[in-house]
Amino acid sequence: MPELPEVEVVRRGLSTWVTGRRIERVEVLDPRSIRRHLLGPDDFRGQLEGAVVLDAVRRGKFLWLPLADVDEGGADSLPHTALMAHLGMSGQLLVEDPGQPDEKHLKVRITLSDSPGVPAELRFVDQRIFGGLAVVPLVATDDGGPGGCAAKPLPLIAAEAAHIARDPLDPSFSAAGLHERFRARRTGVKRALLDQRLVSGIGNIYADEALWAARLHYARPTDTMRKAETLRLVDAVRDVMLRALDAGGTSFDSLYVNVNGASGYFDRSLSAYGRAGQPCLRCAEEGRTSIMVREPFMNRSSYRCPSCQRTPRNVRL
DNA sequence: ACTCGAACCTGGAAGC
DNA sequence: TGCTTCCAGGTTCGAG
């Protein structure tokens with residue numbers, strides 16, 4: 001399950017290996033993976049073939065490659081379209097040699113112009129099809145700031161991601177702004193963390209990790225949050241993401257742009273998620289014993305320590 | 001306008 | 001052993 005740090009690793013890989021190359025051929029093996037491209041596979045292929053990849057940009061878990069249009073001559077003109085990618089639950093973007101056998105869940109094959117020492121294919125592989133690709137317009141950002149994390153930041157954002165808030169690793173992200181949005185909401189803090197319109201890039205796992213680190217209950221009403229608590233929570237989110245980025249970034253020097261759901265971080269560094277029945281690490285450190293619990297939440301699960309993440313007075317789910 | 005649950009999808013795990 | 005059911009997850013969409 002790629003989270004923001006894994007998507008950032010993919011972005012860096014694409015930035016290094018795909019930027020500057022021309023798309024020669026596109027093969028859609030499963031149209032469900034481009035269902036967000038409403039005009040269908042033929043149009044998808046037609047828009048991509050001949051285009052040159054200018055950069056790799058990420059906001060939250062949304063990733064896009066701004067394209068130089070074939071018939072646009074001026075190198076100084078801003079790009080109009082981008083190849084948009086979301087990895088969903090199980091998506092992978094792989095840069096591979098054409099000789100490699102097709103993956104079982106290979107969905108889209110993109111053949112790139114030759115580049116010395118770099119494989120020629122960009123492959124989108126996705127088992128559960130929650131992710132997908134689409135060619136989308138680039139629109140101006142509403143605040144005039146950069147669209148997201150990029151090598152050459154532009155005040156443009158893929159239309160499909162325009163409703164997504166900035167993520168906590170974005171230099172333009174405002175924790176104070178998030179606090180204001182919390183106060184204006186009538187919902188629980190975990191639901192707010194997962195709402196990509198308020199803050200992007202946080203999934204179920206990192207939400208639990210950050211809430212545990214910040215000692216907050218998932219059902220804490222956001223309109224009762226004190227500013228110090230919001231800032232503590234934002235710090236915790238950043239910390240979790242940066243540590244995962246450190247762990248995931250280590251394999252980045254290979255030619256393969258790879259997202260692996262079983263990254264070392266998930267295996268070794270989780271303090272809350274999946275730890276039901278096990279002792280709370282912080283309580284243990286402080287000489288107390290409390291057992292982590294799993295509770296249903298939004299048809300999923302939340303993990304917390306009943307001792308240091310106490311149930312609030314007015315629960316909001 | 002805001003909030004929340006359903007739906008999408010696959011395969012591994014758990015239950016029978 | 002083989003079958004069925006459950007569960008995981010991010011995001012969008014529609015109902016309330």
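Glycine is treated like the rest: Cβ placed from N, Cα and C.
Annotation comment: TrEMBL describes A:P2 as active site, schiff-base intermediate with DNA. A sphere of 10 angstroms centred on the C-beta of A:P2 (active site, schiff-base intermediate with DNA) encloses 26 other C-beta atoms.
Among the features that TrEMBL reports, active site, proton donor is placed at A:E3 (among others). DSSP gives A:E3 (active site, proton donor) a coil state; it is part of no helix or strand. A:E3 (active site, proton donor) counts 27 other C-beta atoms within 10 Å of its own C-beta, drawing on all protein chains shown.
Less than 8 angstroms from the CB of A:K61 (active site, proton donor) sit A:P2, A:E3, A:L4, A:V7, A:H86, A:L87, A:S200, A:G201, A:G203, each of them six or more residues away in the same chain. What TrEMBL lists as active site, proton donor is A:K61 (among others).
Long-range Cβ neighbours of A:R300 (active site, proton donor) (same chain, at least 6 residues apart, Cβ-Cβ under 8 Å): A:N204. Annotated active site, proton donor per TrEMBL: A:R300 (among others), in sequence order.
Taken from TrEMBL, the feature DNA binding site covers A:H105, A:R128, A:R185. Neighbour list (A:H105 (DNA binding site), Cβ cut-off 8 Å, at least 6 residues apart, same chain): A:S90, A:V125, A:D126, A:Q127.
Residues annotated as domain 'Formamidopyrimidine-DNA glycosylase catalytic' in TrEMBL: A:2-131.
Among the features that TrEMBL reports, domain 'FPG-type' is placed at A:271-310. Across the range of the domain 'FPG-type' (A:271-310), the DSSP-based residue counts are 5 helix, 12 strand, 23 coil.
Counting only same-chain residues at least 6 apart in sequence, those with a Cβ under 8 Å from the Cβ of A:R128 (DNA binding site) are A:G88, A:M89, A:S90. Cβ-based neighbour count (10 Å, all protein chains) for A:R185 (DNA binding site) stands at 18. Here the binding residues for DNA are A:H105, A:R128, A:R185. Their largest Cα to Cα distance works out to 40 Å. In the predicted structure, the domain 'FPG-type' (A:271-310) carries a mean pLDDT of 93.
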